[in-house]
Structures are given as C-alpha cells and as structure tokens.
Amino acid sequence: LGRMKPVIVVHGGAGRIFKEREEGCRAGVVRAALRGYALLKQGGSAVDAVEEAVRSMEDDPHFNAGCGSVLNEKGEVEMDAIIMDGKNLDSGAVSAVKCIANPIKLARLVMEKTKHLLLTDHGAHLFAQAMGIPEIPGEKLITERSRERWKKNLEPDSNPEEFQKDLGTVGAVAIDSEGNVACATSTGGLSNKMIGRVGDTACIGSGGYADNCSGATSTTGHGESIMKVVLARLILYHMEQGMSPEVAADTALDYMKTRVGGLGGVIVVNKAGEWAARFSTKQMSWATVKDDNLHYGIYAGEKHIKSVDEALASEREGF
C-alpha cells in the first residue's frame, strides 16, 4: 500500500483584503498551513490537521472567525463552524455560538461525542459546558475593527452590502498519509447580520464537504449564495465527473456567479492529493503545503513558493 504524501490547503476568506491587513492575512494563513502540515508529517490525521489549522486562524484577529469575528445587528459575536471526516462522512457543526474561543473544537466534539451533526445556539452552549469548554466573555472576541465596522454599518446612509465584500471565513482541507481527507470551516458570518442568522459555514455540503471517494473542499464568500448552489458538494460532484480540482472549482464558482450573482472562493484537495485554491472575488488569502513546499498568495495569479524549512525559519524570526 503506497503511502500518500500529505497535503494541506487553507484559506483565510474571500473578498477584499485591505492593504494594511495583507501582511497579517498572509502570515496567518501561512502559519495555519505550517501547523497543520507539521501534524500530518508526524502521521497525524487529516481531521487533526484541519482542526489545528482552523484553530490557529480563529485565534488570529486578522480573520472573521473566533477572535476578530464580525458583529451581528445587536453588536454581538455569533459564530458558525463545521468539520467533516471523509473516511465515513462523519461531520459535526455548530451555529450561532457565543462566548467560546474556538467553535471548531466544539464542532469536532459534536462529531465525536453526539449522534447529531449540528447543534445550535443555546443547545450548543449547554453541550460546550458539558464538555468542559471554557466560556469567555463575548467582549474578548470583539476587536476594535469589528466594533468600528458595526458602528459604520448602523449609520442610516451606510450600505452593509459594500462591507460584505470583505468576507473572512477561514477553512482548511487536507489529505493524510493514509489517504483520508477532511475539511473544516469557521466564521463570524456577515457584519450586522440579523440575530440568529446562520450562513453556509455550518451547513454540510455548502460550507464544506469531505469524501475519501473524491476529495474535500472548504468554501468562503456570500453564504446565502453558497447555500443556494450547495457549493462544496457541487465541486466534488464535478470532480466525480472527472474534472481536476482547479476546473471543478472554477466551474462551480462560475455557476454560482451566473445563476445567483454570488461571489466566493474555495480550496480543494482530491483523493490523489492534487489541490486548488480558486476565487471569483478580488482576493482570497490562501496557503498550501505539499512535498515540503509552501505555496501562498492573496491576489489572482499570485503564487509564492518557499521550502517548509525556509518558511519555518522566517516564522521563528517573525514574518
């Protein structure tokens, strides 16, 4: 049995990344990819790797997930997350959760400790307590930037739609040395969204999907559009029809744009370990590690390549 070469791909959200945030976003996706890859190299599972990569981005205030999440209409953080194991199609998700640092950890516990796939709001909160997940004050998750943006969107002449272009879901997909695939996605959702709004992230097949028979994908972008076309599953369907990850991703994103006018981005890995990071928005921060080489970028057509050793060295010196 030939062992697979492990691969991890991460994204830090599709949309418009403001100049002053670019470096932080690049560094954040690179750090997440390196962390996930380190686990895979030690023989860790794809599920472990995607959870670790996403946790790393939830803890990074540059991204709209965990700390740094955008605020709902009432000025609170409500987060969604999903994780899926391609081996047996097990999945766990949480929606509209508050006051925890890492929703992706809770999603993993839903997958492993319950018979259910999705827990929401109060029920997810009770489950987190039962699992001993520490509660943190909601304010701890709120950054100055999120609050500023929320205030701006409250102004009578504001156009929250304009701001929605800066969407920052985070996600990861991986294949491990056993050939198992997994995906994980986490988000704070849309700025100034209605209380209780759940987007694509927590929905299996929309925010992510993983199946050893074809591959794994994690999505980002306009959640309602992604849900309408069930974007993650659509990409895997195209790969099942014989398309490469890149063509499958572009075809599905193109369909979403023409059919419902929605923009977004996706990361994909197929069962052979081929990967893609594609987007129809202006930008998407992404990073991949394969064959001990790190690839990363933000703009269309941009791709930097470094060896993992070189990348780890500059990590230690501060990016």
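Placement of Cβ uses the backbone N, Cα and C atoms for every residue, glycine included.
Per TrEMBL, the features are:
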type: ACT_SITE; residues: T169; note: active site, nucleophile
type: BINDING; residues: R197, V198, G199, D200, T220, G221, H222, G223; note: substrate binding site
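Distribution of TrEMBL features across the structure.
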residue: T169; record: active site, nucleophile; Cβ neighbours (10 Å): 34
residue: R197; record: substrate binding site; Cβ neighbours (10 Å): 17
residue: V198; record: substrate binding site; Cβ neighbours (10 Å): 21
residue: G199; record: substrate binding site; Cβ neighbours (10 Å): 24
residue: D200; record: substrate binding site; Cβ neighbours (10 Å): 31
residue: T220; record: substrate binding site; Cβ neighbours (10 Å): 33
residue: G221; record: substrate binding site; Cβ neighbours (10 Å): 28
residue: H222; record: substrate binding site; Cβ neighbours (10 Å): 24
residue: G223; record: substrate binding site; Cβ neighbours (10 Å): 29
Cα of the residue listed as 'active site, nucleophile' to Cα of H222 (substrate binding site): how many Å, rounded?
10
Any idea of the Cα spread of the substrate site, R197, V198, G199, D200, T220, G221, H222, G223, as a max distance in Å?
16
